[in-house]
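Features of the protein shown, as given by Swiss-Prot:
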TOPO_DOM  1-49  topological domain 'Intravirion'
TRANSMEM  50-70  transmembrane segment
REGION    96-163  region 'Stalk'
REGION    177-602  region 'Head'
DISULFID  Cys189-Cys601  disulfide bond
DISULFID  Cys216-Cys240  disulfide bond
DISULFID  Cys282-Cys295  disulfide bond
DISULFID  Cys382-Cys395  disulfide bond
DISULFID  Cys387-Cys499  disulfide bond
DISULFID  Cys493-Cys503  disulfide bond
DISULFID  Cys565-Cys574  disulfide bond
Amino acid sequence: MPAENKKVRFENTTSDKGKIPSKVIKSYYGTMDIKKINEGLLDSKILSAFNTVIALLGSIVIIVMNIMIIQNYTRSTDNQAVIKDALQGIQQQIKGLADKIGTEIGPKVSLIDTSSTITIPANIGLLGSKISQSTASINENVNEKCKFTLPPLKIHECNISCPNPLPFREYRPQTEGVSNLVGLPNNICLQKTSNQILKPKLISYTLPVVGQSGTCITDPLLAMDEGYFAYSHLERIGSCSRGVSKQRIIGVGEVLDRGDEVPSLFMTNVWTPPNPNTVYHCSAVYNNEFYYVLCAVSTVGDPILNSTYWSGSLMMTRLAVKPKSNGGGYNQHQLALRSIEKGRYDKVMPYGPSGIKQGDTLYFPAVGFLVRTEFKYNDSNCPITKCQYSKPENCRLSMGIRPNSHYILRSGLLKYNLSDGENPKVVFIEISDQRLSIGSPSKIYDSLGQPVFYQASFSWDTMIKFGDVLTVNPLVVNWRNNTVISRPGQSQCPRFNTCPEICWEGVYNDAFLIDRINWISAGVFLDSNQTAENPVFTVFKDNEILYRAQLASEDTNAQKTITNCFLLKNKIWCISLVEIYDTGDNVIRPKLFAVKIPEQCT
């Protein structure tokens, strides 16, 4: 796709540029950082990083001096053996220096970057929020007791000299009143209405980035469970699809009510992988105050696009949502994967934002790479009876990213048992053949007492694909027959297409079930026929859209959307992450919207 094209072609790769809309929604969203800021510890780490830099500079000076000595020596002698030994010594010094840069400088520079861009802004924002809440409470008391009205305190307009803010050391966020959707149905509007009853609220949040113009924030992940969340993104400079990978953020935290009865997020623990350009397609599952994050590791680029050359390596990281001071391996821990049981598949990897736990077992959404010649499918099962131009072989040929690709892709789950002890492994479980389409990003989550599975529509079956999980192993889904939600598309697979064709295009826009009796769900979808634009928060049934709210202007480009719904003080709320092009600098960045599901239809 041409970089200069302002419309986003609806393809499976992130486009380089979006258009600058006429209407810009201002916000800064991302991740608040570590709630415990130990100022002395922070200073000591920064000092340690500074000392390391000085030591490395000294090493460089010594190496340069050695080279100068050798140059002088070569002018006065022909002893090539001595010169060779000296050069080998310098090579060893350079290798040691490079190793030290990778193992010592990189992480400490990342520490400084994280501290300056996440920790300090997060706690200043939190302190300001607490001050605003306190002053509002004081005003209410004075107004009630004294029978006159105090003007609101405008913190940023006070003509006083304010001291530098101290770290908010004593704050301990607690997840109160936040829970999963369980039990009996909640009271929500069940009727179709054109009234603007949805009131999306942009969550004001500080992005954990350097913030320079042109930084593209892509490949976002947002998982939520039991009042805790995991978040991840990749930063690129120069281009959203081919730019230089600067850093990947993987963090966890709590869903909070900051005093205004609107859910927000407070990040408590952040990890930045040392090699961000090798980490792809992370997925997170919560269990007992930890998030387990499973990622693909690749040195040849995206494993989906470079599957033939990808080694199949995976990485598991455990992050504590309530980290301890000096917690070390408790707070952030790399888990060894002794084996990967792939069955008949060549390679497998996580593919989708989040999964579920059942007892001691974690299930991550995944995709398997199967050699095309080993894929057995009866073409007579291809649903073409109502399609005039579709061919029986189209179902089979559309299972790869190209008709002649070496691998076909199948969705499924990766199972990880926490009780495996010293021999941890992941096991791939493939999805059943019913309503089969190419493997794509998916999500499995618990809602109202039963797991629900969503799979992105990346091929000819463009209608939303989700339903109750009947069995996990093997993975069998009772797919809903939805007729109102579809994704934009071009070529052979346009919006609302249901005839088997050979294509590979689509986007991840999941839905969260909020009422099981009436099968009502909520999510953000792109209300456009051909281009990825116009994100709209929508509450819908299988055959009817009940009510909706636009999150940006109609021509605002957007892509991936992730929605998680939960109870906050017995009210249904949803938080939606939206990849969106409306920041004013021609790059895509995610935003968070909080939406309360209304009880009344008026």
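Just so you know, glycine gets a Cβ as well, placed from its N, Cα and C.
Features recorded in Swiss-Prot, as mapped to the structure shown.
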| residue | record | contacts (Cβ under 8 Å, 6+ apart) |
| --- | --- | --- |
| Cys282 | disulfide bond | Leu221, Ser232, Ile250, Val293, Leu294, Cys295, Pro350 |
| Cys382 | disulfide bond | Ser390, Pro392, Glu393, Asn394, Cys395, Arg396, Pro500 |
| Cys387 | disulfide bond | Thr498, Cys499, Pro500 |
| Cys503 | disulfide bond | Ser398, Ser459, Trp460, Gly489, Ser491, Gln492, Cys493 |
| Cys565 | disulfide bond | Leu181, Ser447, Phe512, Ile514, Ala522, Ile572, Trp573, Cys574, Ile575, Ile597 |
| Cys601 | disulfide bond | Cys189, Leu190, Gln191, Thr193, Asn195, Ile197, Tyr547 |
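Residues near Cys216 (disulfide bond) in space but far in sequence (CB under 8 A, at least 6 apart, same chain), listed by position: Glu235, Arg236, Ile237, Ser239, Cys240, Gly243, Val587, Ile588, Arg589. The DSSP secondary structure for Cys395 (disulfide bond) is helix.
Cys499 (disulfide bond) is surrounded by 17 other CB atoms, counting those within 10 A of its CB over all protein chains shown. Looking only at the region 'Head' (177-602), the predicted model's pLDDT averages out at 92. Cβ neighbour density within 10 Å is lowest for Cys189 among the disulfide-bonded residues Cys189, Cys240, Cys295, Cys574.
Cys601 (disulfide bond) carries neither a helix nor a strand DSSP state and counts as coil.
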